[in-house]
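S.K.: What follows is a single structure, and I will ask about it in a moment.
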Amino acid sequence: MATLTTTQTSPSLLGGVVIIGGTIIGAGMFSLPVVMSGAWFFWSMAALVFTWFCMLHSGLMILEANLNYRIGSSFDTITKDLLGKGWNIVNGISIAFVLYILTYAYISASGSILHHTFAEMSLNVPARAAGFAFALLVAFVVWLSTKAVSRMTAIVLGAKVITFFLTFGSLLGHVQPATLFNVAESHTSYTPYLLMTLPFCLASFGYHGNVPSLMKYYGKDPRTIVKCLIYGTLLALALYSVWLLGTMGNIPRPEFIGIAQKGGNIDVLVQALSGVLNSRSLDLLLVVFSNFAVASSFLGVTLGLFDYLADLFGFDDSAMGRFKTALLTFVPPIVGGLLYPNGFLYAIGYAGLAATIWAAIVPALLARKSRKRFGSPKFRVWGGTPMIVLILLFGVGNALVHILSSFNLLPVYQ
């Protein structure tokens, strides 16, 4: 058993909070108002809070298991040791699937928002071509080096934060209570549309692969890491709440039907907001923020997929080795983006389906197994067996909801 030691000096708490919050918050947030329009604001907030609670605790369960291993042990290492080869293969496939499907989603999103951006400048650039060109640019940056991605991400994240506060400060100032409370449809029903929001909520709180990274960052200091997970996920929950308030308080509920019918991509949502706000400056801010949100998510996800594939296939860090990894990383999702450019909403939903395995089901099983083997001497998630059962049911329930939705067995707001 690994020696349980703690580093002498810990970096600041803020760094870990930013890592978690920055990982969670991305272009996927643009799907939330569209898929939640049936359940509308208050029921959607209930779904988000419930998902936040479950996803926070599943992350804490990974931490509980991880603390029994040496610093630097990956999610794969822990899963293989505690659950065996079979679960490790299933977990690995689900991680690769999520990263691939999100890469495709961001190619789709980048194409749509760049098409909208160029249209604002009276230039007609097809979404397919824009997405393809942007994917090649990101592929080049990722191929160069991890340092290049880090520098580019820092620039994009800084710009995203600035435009976020400028955009949402303005959006909240335009919120109409009659629109937010859906006064025009006083006798409508919201609860039938609640279940189908859950896989999208789950996909919007993915950070679990970063838990082992935080242990590298802080050492075996569970108190600090727990705070990072709580504050980072709460930051994401707060920003999602503001985003729903800003969109559902400005766009009337029936208009979301048209947005969904057009594919629900980012450009359609931005156009709808622009149409009701009638503010040229706010329209510009929305477009700029959307571009930075997509870019930061795209860089983060593709770097994760790139590193995962390099490790899986044993490609070295030479120019040729990185070129092979880049081909494997980008060619499949680029082909998908060219063949089906408007699959953003579907892709986020399928990411939620696969993420149930490594973000809910596997963490609960890891906590159960690690308690049997190690007794969790450093840290134990509160709630005992009932909490493990809740997280398992949350994961299985999410998968079931997505499958039912795929076969059109759940009500759809249309």
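One-based numbering along the chain as shown.
Placed from the backbone N, Cα and C atoms, the Cβ positions cover glycine too.
Annotations per TrEMBL:
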- 12-34: transmembrane segment (TRANSMEM)
- 40-65: transmembrane segment (TRANSMEM)
- 86-107: transmembrane segment (TRANSMEM)
- 127-145: transmembrane segment (TRANSMEM)
- 152-170: transmembrane segment (TRANSMEM)
- 190-207: transmembrane segment (TRANSMEM)
- 228-246: transmembrane segment (TRANSMEM)
- 284-309: transmembrane segment (TRANSMEM)
- 321-340: transmembrane segment (TRANSMEM)
- 346-367: transmembrane segment (TRANSMEM)
- 379-404: transmembrane segment (TRANSMEM)
S.K.: Ranking 12-34, 284-309, 346-367, 379-404 by Cβ pairs under 8 Å to the transmembrane segment (321-340), which is first?
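M.R.: Per the Cβ under 8 Å count, 284-309.
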S.K.: Report yes or no: does the transmembrane segment (12-34) come within contact of the transmembrane segment (127-145), defined as 3 or more CB pairs under 8 Å with a sequence separation of 6 or more?
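M.R.: They do not touch: fewer than three Cβ pairs between the two stretches lie under 8 Å.
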S.K.: Would the transmembrane segment (379-404) count as touching the transmembrane segment (228-246), if touching means at least three Cβ pairs under 8 Å and pairs must be 6 or more apart in sequence?
M.R.: no
S.K.: Do the transmembrane segment (190-207) and the transmembrane segment (284-309) share at least 3 Cβ pairs under 8 Å, sequence separation 6 or more?
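M.R.: Contact between the transmembrane segment (284-309) and the transmembrane segment (190-207): absent, because fewer than 3 Cβ pairs are under 8 Å.
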S.K.: Below 8 Å between Cβ atoms, which of the listed ranges 40-65, 284-309, 346-367 makes the most pairs with the transmembrane segment (228-246)?
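M.R.: The stretch I would name here is 40-65.
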